[in-house]
């Protein structure tokens, strides 16, 4: 099949890219490996998830949220928004298409994308002038290699598989990772009566959603360093010194940290209070080894657990199928070019949703990619 643009991934960034291209009447096809769009939100998000950012930072092009929508949305409200977005713009991804390879054919200056239809088992070949990688930052769940992990006698899961603490009442559960997922899952487990311990390796900023909302609004008018100083000061006033509870604050500000490392500040949902009250235990460092249900930590501490939830992020799988990834990506699956031109590569290869700026970043990428493709096509037409 031939088309002008192939988009790989039907998450928010992929959907937005298709809509933006359609606004310019540019033919495009979305290939999605799952059987539904936005599978991260529809299949892999835990039940109590709420968006930590205000609604104006969680919307896609050409369809802002209405006044009736609360400032901070639940998962259900955002999924409903995505459903309405797909219906309004009549987006029709090709589902159950696992991309096996993508290469640039120098002989005809086109991308050759090979995908497997996992329902029929057939191999499909797509040719396009432009290729957009929109699989996003959250690819495959990352579970680190730990000595003896295969001997663990309890349940092991990645945070993307976690739904609710309902089944963990009275069980000893370790959550590995002190980011937003780890902190929120710990809170949920504790609420359902699990004996919860969270393992935190690196320092993280902890703020309220209101403070981060203020900070993101101010970033439109003030430099990052100034906003970081204000946000950090407010966090100190609200929480005081949390180091005695095992929560350490980085030296670099929250927005600078997010910008340069991709690590977002933790938006507190009530976890800090439970840590202060001793309802959630904190261990700093990493896991040394596992033997049955007994875990030995790097600090020498030993403890038995019934379950481990790895909230240890994701790893990009882009380089596994994008053979010519070096035109836009590094080996870690993130853009080579610095912001704000991170979305544009060579040979008409683009990426959307890799800016480490969440939904808003994916929306910005989508508009930039579509505008650039429109400009290139217009130039070719005039020549």
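Positions of Cβ are set from backbone N, Cα and C atoms, glycine also.
Under the three-state DSSP scheme, residue 13 (FAD binding site) falls in the helix class. Feature annotation from Swiss-Prot assigns FAD binding site to 9, 10, 11, 12, 13, 14.
The NADP(+) binding site feature in Swiss-Prot is assigned to 177, 178, 179, 180, 181, 182; the stated evidence is sequence analysis. Around residue 181 (NADP(+) binding site), the same-chain residues six or more apart in sequence whose CB sits under 8 Å from its CB are 159, 311, listed in sequence order.
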Worksheet item: Per 10 Å Cβ neighbour count, which of the binding-site residues 10, 13 ranks highest?
Response: 13
Discussion item. Whole-number answer please: how many Å between the C-alpha atoms of residue 179 (NADP(+) binding site) and residue 13 (FAD binding site)?
Written reply: 23
Worksheet item: Once 9, 10, 11, 12, 13, 14 are set aside, which residues in the chain still have Cβ within 8 Å of the Cβ centroid of the FAD site?
Response: 7, 15, 16, 17, 30, 32, 37, 38, 134, 135, 136, 352, 353, 362
Item to complete: Would you count the other CB atoms within 10 A of the CB of residue 9 (FAD binding site), including those on all shown protein chains?
Response: 28
Discussion item. Looking at the binding-site residues listed here (177, 178, 180), whose Cα lies nearest to that of residue 12 (FAD binding site)?
Written reply: 180
